[in-house]
Amino acid sequence: MLTIGKHQFQSRLLLGTGKYPNFDVQKQAVEVSDTEILTFTVRRMNIFEPSQPNFLEKLDLEKYSLLPNTAGAKTAQEAVRHAKLAKASGLCDMIKVEVIGCDKTLLPDPVETLKATEELIKEGFTVLPYTSDDVVLARRLEELGAHAIMPGASPIGSGQGIINPLNLSFIIEQTSVPVIVDAGIGSPADAAQAMELGADGVLLNTAVSAANDPVKMAQAMKLAIEAGRLGYEAGRIPKKRSATASSPMEGLSIG
Ligand SMILES: CC(=O)[C@@H](O)[C@H](O)COP(=O)(O)O
């Protein structure tokens, strides 16, 4: 069970809704992923304007919790405005704070992310800030009252996987709210690695929407996240420098 503030979910996969080849593929991918949380950019929120094309039109929105994100915001003030716009639509009180500080890397602006997180918590939102894999910043966000911490694996859309597993594991160890690895996941192996490190969930978009077969990849990600979680719960064996026979020879009757 994944608990974010007052919300509870069975699935640990959070899925983005952008960049699919078409809305039918998007619908099928979302369905096979078994995700319960869909994220979308508030600035593309035509879903609240019936006269405009709706980029979630094929999805049965009753079945999902919507996690609006503030992508495109470059200041805390803009992010707060986007969040309020989303809440005014009455869909969900959750908000993914995404304040980009660098156009080349799309890495988050730590100062503006902190400010926006603080403000939105005061306003009563369930706040999930997207952050870099900075251990101290993650702690500061939790101290402010963030309901989940979302460190990036690597730059958004890069598909590079987890660049700094050490930092990620420090964040996971020190954090009491859910840690959801967000951005840069490229393959099911990356998603499983995040879960094996002890992450509570994974948010991804490009790895599925831009795959050759997004529907198959959505299913692969679902299975990888489940497998990674099971592996984490089971507890992996320690790595050793030397071999140990898998079939012990002691006490055998045949010499
Ligand atoms: C959809 C969304 O919120 C992205 O900003 C997110 O960070 C996913 O990144 P990837 O596309 O790298 O999975």
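Note that Cβ sites are derived from N, Cα and C of the backbone, with glycine treated the same way.
Record check: TrEMBL places Ala183, Gly184, Asn205, Thr206 at the 1-deoxy-D-xylulose 5-phosphate site, and the matching candidate among Gly157, Gly228, Gly231, Gly235 is Gly157.
Here the C-alpha separation of Lys96 (active site, schiff-base intermediate with DXP) and Gly157 (1-deoxy-D-xylulose 5-phosphate binding site) works out to 17 Å. Same-chain residues that are not part of Gly157, Ala183, Gly184, Asn205, Thr206 yet have a Cβ within 8 Å of the Cβ center of the 1-deoxy-D-xylulose 5-phosphate site turn out to be Gly16, Pro155, Ile156, Ser158, Gly159, Ile185, Leu204, Ala207.
Neighbour density at the Cβ, taken as the number of other Cβ atoms within 10 Å, is lowest among the binding-site residues Asn205, Thr206 for Thr206. Comparing the binding-site residues Gly157, Gly184 on other C-beta atoms within 10 angstroms of each C-beta gives the minimum for Gly157.
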